[in-house]
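Q: Have a look at this one.
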Amino acid sequence: MIEAIGNQYVVARPVYSANAFGEEHKKKQRRHKTFLDHLKQCCSCSTQTAKRIALSSFPIASWLPAYRIKEWLLSDIVSGISTGMVAVLQGLAFALLVTVPPGYGLYAAFFPVIIYFFLGTSRHISVGPFPVLSMMVGAVVVRLTPTADTADPTVSNSSMGNDSALDDHKVMVAATVTILSGIIQMLLGVLKLGFVVIYLSESLISGFTTAAAVHVLVSQLKFMLQLTVPAHTDPFSLFKVLISVFSQIEKTNIADLVTSLVILFVVFVVKEINQRYKAKLPVPIPIELIMTVIATGVSYGFDFKNRFKVAVIGEMKSGFQAPITPDAQTLQDTIGDCFGIAVVGFAVAFSVASVYSLKYDYPIDGNQELIALGVSNICGGSFRGFAASTALSRSGVQESTGGKTQIAGLISAIIVLIVILAIGFLLEPLQKSVLAALALGNLKGMLMQFTEIRRLWRKDKYDCIIWIMTFIFAVVLGLGLGLAASVAFQLLTIVFRTQFPKCSMLANVGRSNIYKNRKDYSDIYEPEGVKIFRCPSPLYFANIGFFKRKLIDAVGFSPLRILRKRNKALKKIRKLQKKGLLQVTPKGFICTVDCVKDSDEELDNDKIEELDQPINTTDLPFQIDWNADLPVNIVVPKISLHSLILDFSAVSFLDVSSMRGLKTMISLRSLAGVNFLMMKSRTQYFS
């Protein structure tokens, strides 16, 4: 019965044990499905099941028939054109991160978008090149091209036969890595293993992408300064590149440096204007497109290539090339790298898709997203593209310019297609330093994630440490090893959190019958002889010892020590009684001498076993009150505790080791005369 009295609720109900409650209210005995039951369910198929599978595998069949042409088409066209122009420039710029000719970035901006149009579930993300993935693929390309001078930007892509063969090798490696990453993503989706992304926390992803932005920044210095910098992929590679850059800084091409700095400054300023006045601007100012057109025209008109010896994009092959077969040896050498690329690509895409799905209230399917990204990368890699995910800035353009559905992505792919087939040659005079500046201009959001450190430190120090360590690992060890080390460190923090839980003693705050940590309040009330101990984490083999120590510290005594002291005192009482120095009467103890002195010999192992036995006072005419006055020279610690309550409301599971430890503590405290109660415990653990 619940009765409201003013601001209070008075609850009155019978007291139940778990068994009595189950019997009275007819608890159901649920039958858990066996592996054979699950197998039968998977192998059976009905019309409804087949329809559901078809619709989930091809989401376009669900959303396209419901498309509102009059309301959405114009917005999708405008958004698609804007996004397509950004995708062209980012494809060219991010190709430099992969160390392949810029034209191949257009393939990475085209094929994944087409596939995602049919298979994707998010209406707002723009699939294509992403700087972090491009950097990870580029690291593999550099590692598997050890003899290449991959950093020489002064030589045109097709001016020398050796360079052409080298570029073909790089494209083959990048495409093979992309295909294998896509296969891994598709398999994870088919096997419903999309949950693997939960092992990449928000803090880890933020720290990792920030470190990747630093890698991108350093890698683009050679294009901005037009220096020949040898490539490195081993640990400390970032510092080696910096040393190489500064050791030949006097060779900087001033024209490239000035151009890139001007472009970078203008892009940053206009992007800040777009961000600050986005509510007033009908569409964001397409500054990347504007600066690209201006830079291309100036470079062509003033013949920068011959006058200032700047590095330009060079020949842009029009049309598509024949699909390629992945290299078997590269597949064997890059499995670990590809798994990291697959997981990071999905994690970033899914996190962005989740933001838009919550904002616009529509569902997305993580496993279907894995399949869509996997097939996109398989197709893109087969046509010589590189790994795709979603770029935050490009998705932001698609959403902010009014994109409503995947139709906007299809329109953007058409814009990229026009560049590939018809007007790509117009970009041949464009300086590579301009592409480098455009790539850096898109890093502001990721670099600004440094501000997360203060917020994380205030909210959760563990998350802050994960962010910092992930950043350090990725910067020092490189993106591949850094990701693996970061995941391992994050899992270690989870173990550390549960191994050393923040246990606390609860007290009644201001007699409100609300129990909180006694250290947090000064106006508290604790019932005499009763203590409530709370554990906020699971109990298992790694933390049961810590739990015991914290419990002993909280209650102020060790039950085993009390038991041994009482048994030792009882032995002394019997010994004194036998010698006639002490009389035991129903009213208590009577000493027959003024001062009883008896040796307090050290306990040996045999006696310790005796002292660990339950206290037996059946031969005495009364029950000993251990908190009362005892005979002289018999000292036993006095304890005022008679009941200990364990709050297990936050304990999600216990293993065999923890249950054994709890049973030992229960038995010891009961032997010491303390009642042991558990609140909100899961009865199946003790059945």
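Glycine is treated like the rest: Cβ placed from N, Cα and C.
No curator has checked TrEMBL annotations; they are predicted automatically.
Quick paste of what TrEMBL says about this protein:
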- 77-98: transmembrane segment (TRANSMEM)
- 104-120: transmembrane segment (TRANSMEM)
- 132-151: transmembrane segment (TRANSMEM)
- 171-191: transmembrane segment (TRANSMEM)
- 198-218: transmembrane segment (TRANSMEM)
- 254-271: transmembrane segment (TRANSMEM)
- 283-302: transmembrane segment (TRANSMEM)
- 339-358: transmembrane segment (TRANSMEM)
- 370-387: transmembrane segment (TRANSMEM)
- 407-427: transmembrane segment (TRANSMEM)
- 464-496: transmembrane segment (TRANSMEM)
- 520-687: domain 'STAS' (DOMAIN)
Q: Looking only at the domain 'STAS' (520-687), report the model's average pLDDT.
A: 73
Q: Okay, the transmembrane segment (77-98) and the transmembrane segment (339-358): do they have at least three CB pairs under 8 Å, pairs separated by 6 or more?
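A: These two stretches do not touch.
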Q: Examine the transmembrane segment (104-120) against the transmembrane segment (407-427) and state whether at least 3 Cβ pairs sit under 8 A, considering only residue pairs 6 or more apart.
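A: Contact between the transmembrane segment (407-427) and the transmembrane segment (104-120): present, because at least 3 Cβ pairs are under 8 Å.
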Q: For the transmembrane segment (407-427) and the transmembrane segment (254-271), decide whether they are in contact, meaning at least 3 CB pairs lie under 8 A, counting pairs 6 or more apart in sequence.
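A: Result for the transmembrane segment (407-427) with the transmembrane segment (254-271) is no.
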Q: For the transmembrane segment (77-98), find every same-chain residue at least 6 residues outside the stretch whose CB is under 8 Å from a CB in it, and list them.
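A: Sequence-distant neighbours of the transmembrane segment (77-98): 104-109, 113, 126, 128-131, 134-135, 137-138, 141, 170, 174, 216, 219-220, 223, 283-284, 286, 288-289, 292, 313, 386, 391, 393-394, 397-399, 401-404, 407-416, 419, 427, 430, 432, 435-436, 438-439, 442.
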Q: When you look at the transmembrane segment (171-191) alongside the transmembrane segment (370-387), do they share 3+ Cβ pairs under 8 Å, ignoring any pair fewer than 6 residues apart in sequence?
A: yes
Q: Cβ under 8 Å, sequence separation of at least 6 from the ends of the transmembrane segment (198-218): give me the contacting residues as numbers and ranges.
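A: Same-chain contacts beyond the flanks: 97, 131-132, 135-136, 238, 241-242, 245, 343-344, 347-348, 351, 439-440, 443, 446-447, 449-450, 452, 456, 463-464, 466-475, 479, 482-483, 486-487, 490-491.
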